[in-house]
Amino acid sequence: MAIPVNVKKWIDENREYFLPPVCNKLMQNHQLKVMFVGGPNQRKDYHIEEGEELFYQVQGDMCLKIVENGKHKDVHIKEGEMFLLPGRIPHSPQRYADTVGLVFERRRLDTEKDGLRYYVEGTTEVLFEKWFYCEDLGTQLAPIMKEFFSSEQYKSGKPDPAQPIGKMPFFLNTEQVMEPFSFQNWLNKHRLEINQKKRVSLFGHNQETKAVVYGSGESKDSKAQTDTWIWQLEGTSCVTLGNEVLKLGSGDSLLIPEKSLYSWIREDCSIALSTSQVPA
């Protein structure tokens, strides 16, 4: 049964999970993972996955450390900013106290592998890494980190010749990442276009992340091939899902399960963000 969730209220009710040692809480955990992350959480490990990740800073700033084309780079995502990280780029989120960030990622395909990697300090030489099929990142990372901290590589700060780094299951992405941008400024700039076209994509059609802002209008008998998360930003709308009629007010969210048939009526002055991730 689909149930609308008010985002602000949900964040306030779950703030205890945004503190160490947990630092995150999943709002939705299906084909689409919708999670909120807090801090402080400073880390040395880098995560690598084949899919994209979408970041939006709800409260406070964060720094996303990445390795872009063989060079370390800090991507500073400020409060209210959005950033789409392409797949296959090593990344290490650095979060601070009293911050809350929204992160989207998707369920992995059966053929996909995730990696956890540590670098030799100050370089891009791989010190230690493990590849695994990701089912629950929150529980799977801890044993790998524990293995690293008890390893010869951690003690010496150098790769262990007895444990050579194996071949990666895929090539790293060589594209240059985008600059984070203010979501509110984007909305203000595109309001006229949203009113005229009824829907405007944030990232175009070449990415697996489909983030679309909808204005007033109606979507009849739509088929959700993957999970779709709706966030009603302004005004109201009404979603008919099976025999259920669900009303969304400002700040409410709703997950439409994959392979569902639904209709969506958006009233005048309605602004809503629809997010889904379709594996490439």
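Placement of Cβ uses the backbone N, Cα and C atoms for every residue, glycine included.
Note that the structure is predicted; figures quoted are calculated from it, not measured.
Feature annotations, reproduced from Swiss-Prot:
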REGION    1-160  region 'Domain A (catalytic)'
BINDING   Arg43  O2 binding site
BINDING   His47, Glu53, His91  Fe cation binding site
BINDING   Glu53, Arg95, Glu105  substrate binding site
REGION    161-177  region 'Linker'
REGION    178-280  region 'Domain B'
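On a Cα basis, Glu105 (substrate binding site) lies 5 Å away from Glu53 (Fe cation binding site). Cβ-based neighbour count (10 Å, all protein chains) for Glu53 (Fe cation binding site) stands at 22. If you take every residue in the region 'Domain B' (178-280) and average the pLDDT, you get 97. The Cβ centroid of His47, Glu53, His91 marks the Fe cation site; residues of that chain outside this set whose Cβ lies within 8 Å of it are Tyr46, Ile48, Glu49, Leu64, Ile66, Leu85, Ile89, Pro90, Ser92, Pro93, given in sequence order. Neighbour counts of Cβ atoms within 10 Å were taken for the binding-site residues Arg43, His47, His91; the minimum is at Arg43. If you take the Cα of His47 (Fe cation binding site) and the Cα of Glu105 (substrate binding site), they are about 13 angstrom apart, rounded to a whole number.
Rounded to a whole number, the distance between the Cα atoms of Arg43 (O2 binding site) and His91 (Fe cation binding site) is 11 Å. Of the recorded residues, Glu105 (substrate binding site) and Arg43 (O2 binding site) place their C-alpha atoms 20 Å from one another. Using DSSP to sort the residues of the region 'Linker' (161-177) gives these counts of helix, strand and coil: 0 helix, 0 strand, 17 coil. Arg43 (O2 binding site) and Arg95 (substrate binding site) have their C-alpha atoms 9 Å apart, to the nearest angstrom. The most densely surrounded of the binding-site residues Arg95, Glu105, judged by C-beta neighbours within 10 angstroms, is Arg95. In terms of DSSP helix, strand and coil, the region 'Domain B' (178-280) has 15 helix, 55 strand, 33 coil.
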